[in-house]
Structure formats: structure tokens, C-alpha cells
Number of protein chains: 4
Amino acid sequence: MSTDREQAAFEAGIKLGALYHQWVGTPISVQTASGVEAVIEQSVGLQPFVEEIDVTLDRSLMNANAFGYAELSGLMFDVTIRTKVGATTCVAALRPENGYPLMRIVSCDEEEPLSDH
Amino acid sequence: MSTDREQAAFEAGIKLGALYHQWVGTPISVQTASGVEAVIEQSVGLQPFVEEIDVTLDRSLMNANAFGYAELSGLMFDVTIRTKVGATTCVAALRPENGYPLMRIVSCDEEEPLSDH
Amino acid sequence: MSTDREQAAFEAGIKLGALYHQWVGTPISVQTASGVEAVIEQSVGLQPFVEEIDVTLDRSLMNANAFGYAELSGLMFDVTIRTKVGATTCVAALRPENGYPLMRIVSCDEEEPLSDH
Amino acid sequence: MSTDREQAAFEAGIKLGALYHQWVGTPISVQTASGVEAVIEQSVGLQPFVEEIDVTLDRSLMNANAFGYAELSGLMFDVTIRTKVGATTCVAALRPENGYPLMRIVSCDEEEPLSDH
């Protein structure tokens, strides 16, 4: 059996794993970065259980190669995603930690029931 | 805060989301399918927290196009993965359900402590 | 040895092959399609030898699955790209032909030298 | 119009562009590299106009991250592909040049007609 908490965490993991491998390798530059951020947010936002997603790409890593552009790499991602299953909200992140593009759970919380007075 | 159970579920989600978007679109045929299955298993098996992964691709969907090959599509996947974080094991699957390549948690379980006699 | 004509054709092939495998599988809907088109155009446009690229995605194929979205598939692409190497311009296309997402050269032409009167 | 020479070059470009973006990002290690090489060769070999493909991945770049594995990156590729359209054979390569994963045409040649004596 699994609970809402585990399912919310599972869904957050799916989305982060998917977006990483979908977009790594895309040609990118400082000029096109904001468009790519918006499209990643919109695309992931179409998927079930996603409440909110925020994508920021590290422009300081977009060093142009000999041909004038960079490729989106794992360490450029700073992503926060919030999924919801039942009453549980899970917040997870993808961002560099010690030189590795780490995915981790930030929090899993049940909604506070409304107070009755 | 998150527990081992949520983290095990999160890791299973990451791996399923990642492998789906990494390999969808690969040219494939009935002749090459077993090699692709093995490489997906080996690649995913390199990642942290993965205890076991089994990948079977549905050969009945590998209908050759006009040029004699097919592309790996989401509905071909039948994947079972087992992740472990602390004492918790999570089993998750990717397989078709009602025409959709569904990812779901099969179980999340703590290891039974050894009996003392 | 290879000529400008062959190199212009080669570059067009690289870009079409790359964009196909980069973006296939992305979650998409009629609402997000124009943003995805623009980002593909901008990303490919960063690469060397690309003079112009036009991407249209077939919205009639974006049938929502049980979860309300579609995935970008090969048959949705209608792409025209123009590459230039030396004095040669190559126009190539990716679009469905007999149910297959066919990539083909439309034309390879040298620039007309300017008339001297 | 385009000739067999341009089409052979175009097809080589398609295959190199496609394989690059299909496999970049795959988890890989020195232990799994030969399996990945074989699967890339088999997959690309399914596609039309491909006569031969040879893939070698640079193991010296497979430096394990904190979690014990690497990701397939563009600079690891050393690929030679031979395409054939009509009587023309095109050989193209993907390999590092000045720190960039360069795709280039090696040669485009018509078959020698058989001598009549």
C-alpha cells in the first residue's frame, strides 16, 4: 500500500526526472533562456498532480562555445515543484549541490484542517 | 520533513520519469529489443537507491514503418523498479493502463526486523 | 572531399535529426503549442549555418489523454529549415508523408551572382 | 533539386544529430559503456541509408560523480557513419575538435564503375 504522502513524493520525482532528461542538451543562450524556462514550466504544468513549478536556468553557465551557443546542462537547473495528491502537498527541488544536480524532497505536508472557530 | 518512505517513492519516480524521456524515440525492432532492454536496466541500475529494475518492451507494438523499423514509444514499456532508502523498499511500475503509460507505486514497505529467536 | 552543397545538406540533416529527438515526448497541448514552436525555432536558430527555421506543430493531433494533455510526437512536426554554407543555400523539411515523419531536401542552390549590368 | 551526393550527406547529418540528442544524458560507466556503444550502433543501423556505423565512447571522461556514475556527454562520442544513396557513399564523423563535439563530412564518393577489362 502507499499513502498520499508517498504518492505526492513519487509524482514530484517523476516530473523532475522527466524534465531533466527531456531538456538536457537543448541549444541555449542568455538570450533564449527565459523562453526555455517558460516552456519547461508550461509543459510540466500540463501533467497530473502538478500544482506549481518554477524553473530558473543559471545563465552564468551558458558559456558560448566556438559556435556562439551553449547546451542546457544538468547543473544549470534550479527547479522547485509542488505536487498535490489528496490532502498532501510535496515540494521538491532540483539544484546543484556539491557539483551534482541533486533532486531532493523539500517538504511533504498535509493541509491544515480548517479550525472550527 | 520527509521520511524514508517518501524518499524511496521519490527516487522511484525520478528513475521512471527519467528513463521514459531518455529512451522514447529510439529506433527499435524485434531484433534489437533485448539489447535495448538490457542497456536501460544497466543504465538505470547505476543510479543511487536502485535495488533492482526489470524492463520488458512490448514487441507486438514494434510495427515496422515504411523504412522497416519502429520507434520506442511510451506504451511499449513494462518496467518494474525497486528502490531502497534506509529500511524502506518501494516498488513502482510503468506499464499501459487504459491506453496510457501509467507510472504508479506498487508498494512501500519497511523491512521486517529479524526475530530474536 | 565535400563541397558547400554537401555541407549545407549535411548541416540541415543534423538540425532536423537533433530537434526531432530533442523534443519528441514533451508534454504539449493546444494552449502551449505556440510557445513550444517558438522555443524550438530559437534553439535551433542558435546553431551554426542556420539561416531560417519555421516550426508548426499539428494541433489536430494533440488529443488529450486521460490526464488532459498530449505528447509531442513525430507526426506533429511541420518544419522547414534553411542552411547556408559558403554560397550554397539548402532548404530541407520534416513533415508527414504517408504516415511517416519524413525528412527530405527541398532544394540546394547557389546564389545567383549579381549581374554586371 | 538535389543529387545523390547531397542526399547522402543529408542522411548522415540526420543520423548524427539524432543519436547525439537521443543518448546525451544517459547514465553510464566504464562497465556499461560497451553495451551502450552496441545499442547505439544497432539502433542507428536500423534507419534507412545507413551502411555502417561505429561508435566508441571515451571512457577517460566517465568520471564517477558522488553517486558513482557518469552521464553520457557530447565530448565522449567518437562516431563514424557511412550512408549510401544511389551510387554515392558519404562518410561523416562526430568527435571532439578543440573541445567541441564536431560533426563533419569526411568524404562523399561515387562508386567506381567496374573496369571493362
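Using N, Cα and C of the backbone, Cβ positions are placed for all residues, glycine too.
According to TrEMBL, the features are:
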BINDING   A:GLU11, A:MET103  substrate binding site
DOMAIN    A:3-105  domain 'Dihydroneopterin aldolase MtpD C-terminal'
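In sequence order, A:GLY13, A:LEU16, A:GLY17, A:TYR20, A:ALA92, A:ALA93, A:LEU94 make up the list of same-chain residues 6 or more apart from A:MET103 (substrate binding site) whose Cβ falls under 8 Å from its Cβ. Long-range Cβ neighbours of A:GLU11 (substrate binding site) (same chain, at least 6 residues apart, Cβ-Cβ under 8 Å): A:PRO48, A:PHE49, A:VAL50, A:THR83, A:VAL85, A:CYS90. Here the domain 'Dihydroneopterin aldolase MtpD C-terminal' (A:3-105) returns a mean pLDDT of 96 for the predicted model. In the three-state DSSP scheme, A:GLU11 (substrate binding site) is classed as helix.
Assigned with DSSP, the residues of the domain 'Dihydroneopterin aldolase MtpD C-terminal' (A:3-105) fall into helix, strand and coil as follows: 39 helix, 37 strand, 27 coil.
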